[in-house]
Structure formats: structure tokens, C-alpha cells
Amino acid sequence: MKNKQTEDFPESFYVMIEIPMGSNCKYEYKEELDNIVLDRVLFTAMTYPANYGFALDTRGKDGDPLDVLVFSSVSINPGIIVRCRAIGVAEMNDEEGEDNKILAVPVDKVDPASSIVRNESDIPEYQKDKLKHFFEHYKELEKGKFMKFHGFKGRDEAVKQLAEARLKQ
């Protein structure tokens, strides 16, 4: 999806939500359909620990827009675009290679609960443990698929990865 990004990118950036927090369905935006489709119902008895989407106007090393996990006080519906700020990176890889996730929160004026979170170190350990557990196990029952979690990096690394992935205008 090619859209205008924020004027202060990568300090703040737009994320299209594909999967709401608490969902057991994996939805994906399909550019050729200009719509969100149901990719699959998760094979495991698990739900997404945060809202999941992608940063508009970016391309990661895998050729897809950068994945973003949006921590918020509410579940956000698929297709909604949220102005966010980066707080860190969850480094991981799957069966196809590097598959990092930018960690973000909505900007403070969108979700006031975000005001206390400035870096990944501000996320409570139990939430980081849930995120790690989810990504290490949600593909277990799917043949040939896996996800390996490597660790968390802070806000500066997230901003760097966003800047490097920005599509040329």
C-alpha cells in the first residue's frame, strides 16, 4: 500500500492494523486486492498479544512492509491506520529468514496510556514474555513453519530500521 507517511517520519509513523490484539485469525493486507484477507485461523490455541500491522511506505529485507506490533489499551480493528511511535524491536526469524517486528505505541494524543511507554524497557516483563512465547509457539502445528526469537532492542534501533526501510518518494 503506497500512502503518504507522517511529516516527522520515523519519529512517528502510520501503521495499518491487520490483526487486532486478542485475535486467533491471521489477516493480511493484499496489495493486489487493496483489501485485508483472512490468511488462516491459527492452528494453535493462541491469540495475538498486541495489535499487528505494518508501517506504510516501507519495505523490509524480506520485500514486505515492516511488521509492527502496536501495544495499546484497546484492540484495534483491521484496516484502521494508527499514528504510532517506535519503542523498540523484537528480533526474530522464521522459515524464510529475518522477520523482525517493530514495537510501537499509538502517539499520546491517540491513546493516553502510551504516555508512560518511551522504550521497550518500559513494557512490563510479563507482556514481553507473552510476546516472546506467542511468536515462539504460534506456528508449531503448521508443517515446515517455525519462528525463533532472538531478543529485544531499543527505540534507537527501531527508528534506524524504519528509516532504512522507507520507500523512496
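Positions of Cβ are set from backbone N, Cα and C atoms, glycine also.
Not measured: the values here are computed from a predicted model.
Noted in Swiss-Prot for the protein shown:
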BINDING   Lys26, Arg40, Tyr52, Tyr138  substrate binding site
BINDING   Asp62, Asp67, Asp99  Mg(2+) 1 binding site
BINDING   Asp67  Mg(2+) 2 binding site
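Apart from Lys26, Arg40, Tyr52, Tyr138, the substrate site neighbourhood in this chain, defined by C-beta within 8 angstroms of the site C-beta centre, holds Ile19, Ser23, Cys25, Tyr27, Asp39, Leu42, Tyr48. Cα of Lys26 (substrate binding site) to Cα of Asp67 (Mg(2+) 1 binding site): a distance of 13 Å. Site extent for substrate: the farthest pair of Cα atoms among Lys26, Arg40, Tyr52, Tyr138 sits 15 Å apart. Apart from the site residues Asp62, Asp67, Asp99, the chain places the Cβ of Gly60, Lys61, Asp64, Leu66, Asp94, Glu98, Asn100, Lys101 no farther than 8 Å from the centroid of the site's Cβ atoms, the recorded Mg(2+) 1 location. Around Asp62 (Mg(2+) 1 binding site), the same-chain residues at least 6 positions away in sequence with a Cβ under 8 Å from its Cβ are Glu96, Gly97, Glu98, Asp99. Here Asp67 (Mg(2+) 1 binding site) is positioned 7 angstrom away from Tyr52 (substrate binding site), judged by their C-alpha atoms. Take the CB of Asp99 (Mg(2+) 1 binding site) and look out to 10 A: across all protein chains shown you find 19 other CB atoms.
Distance noted between the C-alpha atoms of Arg40 (substrate binding site) and Asp67 (Mg(2+) 1 binding site) is 17 Å. Taking each Cβ in turn and tallying the other Cβ atoms within 10 Å, the top scorer among the binding-site residues Lys26, Arg40 is Lys26.
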